[in-house]
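According to Swiss-Prot:
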- 46-112: domain 'Importin N-terminal' (DOMAIN)
- 217-240: repeat 'HEAT 1' (REPEAT)
- 241-277: repeat 'HEAT 2' (REPEAT)
- 354-472: repeat 'HEAT 3' (REPEAT)
- 411-481: region 'Necessary for interaction with RANBP3' (REGION)
- Lys446: N6-acetyllysine (MOD_RES)
- Tyr454: phosphotyrosine (MOD_RES)
- 515-553: repeat 'HEAT 4' (REPEAT)
- 560-597: repeat 'HEAT 5' (REPEAT)
- 602-639: repeat 'HEAT 6' (REPEAT)
- Lys693: N6-acetyllysine (MOD_RES)
- 775-813: repeat 'HEAT 7' (REPEAT)
- 885-916: repeat 'HEAT 8' (REPEAT)
- 917-954: repeat 'HEAT 9' (REPEAT)
- 1002-1039: repeat 'HEAT 10' (REPEAT)
Amino acid sequence: MPAIMTMLADHAARQLLDFSQKLDINLLDNVVNCLYHGEGAQQRMAQEVLTHLKEHPDAWTRVDTILEFSQNMNTKYYGLQILENVIKTRWKILPRNQCEGIKKYVVGLIIKTSSDPTCVEKEKVYIGKLNMILVQILKQEWPKHWPTFISDIVGASRTSESLCQNNMVILKLLSEEVFDFSSGQITQVKAKHLKDSMCNEFSQIFQLCQFVMENSQNAPLVHATLETLLRFLNWIPLGYIFETKLISTLIYKFLNVPMFRNVSLKCLTEIAGVSVSQYEEQFETLFTLTMMQLKQMLPLNTNIRLAYSNGKDDEQNFIQNLSLFLCTFLKEHGQLLEKRLNLREALMEALHYMLLVSEVEETEIFKICLEYWNHLAAELYRESPFSTSASPLLSGSQHFDIPPRRQLYLTVLSKVRLLMVSRMAKPEEVLVVENDQGEVVREFMKDTDSINLYKNMRETLVYLTHLDYVDTEIIMTKKLQNQVNGTEWSWKNLNTLCWAIGSISGAMHEEDEKRFLVTVIKDLLGLCEQKRGKDNKAIIASNIMYIVGQYPRFLRAHWKFLKTVVNKLFEFMHETHDGVQDMACDTFIKIAQKCRRHFVQVQVGEVMPFIDEILNNINTIICDLQPQQVHTFYEAVGYMIGAQTDQTVQEHLIEKYMLLPNQVWDSIIQQATKNVDILKDPETVKQLGSILKTNVRACKAVGHPFVIQLGRIYLDMLNVYKCLSENISAAIQANGEMVTKQPLIRSMRTVKRETLKLISGWVSRSNDPQMVAENFVPPLLDAVLIDYQRNVPAAREPEVLSTMAIIVNKLGGHITAEIPQIFDAVFECTLNMINKDFEEYPEHRTNFFLLLQAVNSHCFPAFLAIPPAQFKLVLDSIIWAFKHTMRNVADTGLQILFTLLQNVAQEEAAAQSFYQTYFCDILQHIFSVVTDTSHTAGLTMHASILAYMFNLVEEGKISTPLNPGSPVSNQMFIQDYVANLLKSAFPHLQDAQVKLFVTGLFSLNQDIPAFKEHLRDFLVQIKEFAGEDTSDLFLEERETALRQAQEEKHKLQMSVPGILNPHEIPEEMCD
């Protein structure tokens, strides 16, 4: 069978592509089937045939046959793809009679298929695709070649309800294409013309919608009309909304009909979102009428949370749409309702609904409600941030300090507080969670959705606390009592309460915060003693740790408490339940960062600073921790030591602090001095890696003073580096590159990497560049550069490049003299690893360009000093970078190029020869990425670079002729150069299009956003053949706009003395 199929495919390939014979529709159906249901070689063959056929310039002439005679739906879809392709790219070069023919054919087909209601249901997808084809034709034809389209479609709609229903879909699609998705699909000018045409002819469409809504008994048609209307509401002239019966029709006629209520409510939401001041009365009517209908459909005493969980999809959607309506209306027009006493009751009912909907257990709906509560609380707080004297709720309603708007929302806000406390999302810091099976485990994946929800809830609760902190405290204290007495005890309830308590840190006055926190922590510690079972203890422990980590201000002010908390964390470091140790270390590091000074001072009632106690017992504290937890612990203690300002004391602390790792290090180094083979022992190498990781984390926290420890191990460490490098090279020579995957070799590479990390980490935090350059850099270069150059590519450490980049960034001019040596060792050999493709060695790739960027930014003179051949390589590598498909590399490449151009411009001597050699080349390469669709993400940067380059030409900064031997000015030459470049790349463009594009590159080079849109317009144009008729590109109109931009720019320049060259100033201004 496969053999026959392959023969068939081969034969088919020839036959289907032979346009001199009639199309064999059965054969085409077979090939399409083969594409969807075949496999391997035959599927590939089918793919190839169909692609060739689709790309054939005459393929569209076969579409009618395909649509009429094919029995296979997929073949029909394929036929429509061919048609869509020709409409989008070659329409302008088809003879007019053929365009008319295609148009008539498509319209006829749509009318035929959509006039029959049973057909409409059965062939929904097919009609959908046909509609899209018609809209693509409209974007080319209307209004110029089809001025009567709107009246045609409106007229046809009155002949048949089924046809009318489909026409509504076409109008909806057209609206979306023109108003919602036009950016990057059609040029700005054309989009504007289409929008104007739609607005101008909207009255006919609106009458049709009204006619259907008032007269039709056909439910699917009415639904389609409402859906279409929904798409129109965000752009139609406002008179159609507010000066017709539209609002009352939507509310009275459709809102309470189950089939239409969702789309009607969406329409009302869209209208509610309009912000204009002149239609206040209409907004009031919209609100009161909607609320009246709502109360009938969903009485105020409904338990919406329950109704939602038992509801069908349609009912659940209604509740979601209700939340959107209320949120939109209250945000936009809430203050209007507050001002009218007769609307107060309706406002309170709306808020009541919002509270009920906020209890629904569906995150998406809660997020919508939260957006409103956040808006309201923030607005009330910002109106008078400092009027939170006592508790408004407790002091009775007649409290004169309270701003009147707050008074109005008092009781509602108290309910929102309770809601926030009961539903608080999980913060990022909490690692101990209950999983879906009800087990308490460590969380490994961060849930970004939940983190964002937490941030929004936290912000809202902080505002609510500012508005009335006593009420917040009462709610929280009562809920905590119910945890302790067991009436509300559950992991979930305890979690949400503690997360809420942690989230309002800083929102209370310090005295209130102190009183409140002492109660909270005491109760939680009591709960920890009272509850049995490891899971219970783990949950309570995680909550205690989260809360104490959130209140550094309180801890700083209460030493006894801080000490108790830290000792409790040390206790938790021995608790082996999943996640507890991790969280203890994480909380410890947060507290160490925020309270660092308090650990190095002698506190009242203490005989020594607490740091000494920690260092004396360090062995006991960390004995149950895993290696990575030990590293975190070391970093935390490092922050404390970094806070000691007395250098002698600090040095003594660092020695004591690094005692354990140094003992192990010294013994390994001693053994290695006697017998170097110890450095091939897996356990020893692993130990070295762990010790260095400890040093890396310690150095990160201590900063520059760590030099005393680094100096102690520096030369031994570099010797170990060299020795391990030799071991790795020997292993590769003996056993090939595969050996780099072996555990021992990987451990050796870890030691090398951590060595580089330690050095670069310290350099980036050091504060004496000269000392670093003289004492630390020479032995480092000696150990790593030659080793890097000599190694096989697979064994080169990418960290060598990043370390060099960090050193250059930090030391700047102090290292310029070493750049040639660094470049000799790493530049060419790395370039050869990454210039074969865009994928291999991703880390080397990224770091290589970071190094280039560092040299370019901080040691630019070194670039000018390297030989021309090497400089050309540098430039080639930058061009290679911005052509990358890896986004970070491409971005770095563009960044380097932009900085390079700006640096060159500062160097008068070198600049002109640079321009002469490279300017046109760079332009050409930038245009090649601008017009490559896989690089659209870099468009802003492309625009900035091109604008800068065209500006250099225009302002005469390039004095050397870019085209030696030609008498024309550089500006004229570049205009021709770019025009010819684009004409040869896109021969289908008309001269007028290219000329206008090039003009814009000069006119808009001071206005980056406009320049970027100009590029985007050009990208739209290169996708299609324009033919002779370029009228729908509106070139004259665009030309006028560009001329105005040029004049504006000139005016601006004239207003700043000295910006314009004296020879560019008009005569009358010279006197």
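The backbone N, Cα and C atoms fix where each Cβ goes, and this holds for glycine too.
Feature map: annotations from Swiss-Prot on the structure.
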residue	record	CB count, 10 Å
Lys446	N6-acetyllysine	10
Tyr454	phosphotyrosine	20
Lys693	N6-acetyllysine	22
Exercise. Would the repeat 'HEAT 3' (354-472) count as touching the repeat 'HEAT 5' (560-597), i.e. at least 3 C-beta pairs under 8 angstroms with sequence separation of 6+?
Worked result: yes
For this session: Round to a whole number and give the Cα-to-Cα distance in Å for the pair Tyr454 (phosphotyrosine) and Lys446 (N6-acetyllysine).
Result: 13
Exercise. How far is it from Lys693 (N6-acetyllysine) to Lys446 (N6-acetyllysine), counting Cα to Cα, in Å?
Worked result: 24
For this session: For the repeat 'HEAT 9' (917-954), could you work out the same-chain residues 6 or more beyond its ends whose Cβ comes under 8 Å from its Cβ atoms?
Result: 184, 875, 879, 882-883, 885, 887, 890-891, 894-895, 897-898, 901-902, 905, 962, 970-971, 974, 977-978, 981-982, 985-986, 1001-1002, 1004-1006, 1008, 1011-1012, 1015-1016, 1019, 1022
For this session: Can you see whether DSSP assigns the residue listed as 'phosphotyrosine' to helix, strand or coil?
Result: helix
Exercise. For the repeat 'HEAT 8' (885-916), what does DSSP give as the number of helix, strand and coil residues?
Worked result: 29 helix, 0 strand, 3 coil
Problem set entry | Average model confidence [pLDDT] within the repeat 'HEAT 7' (775-813) | 96
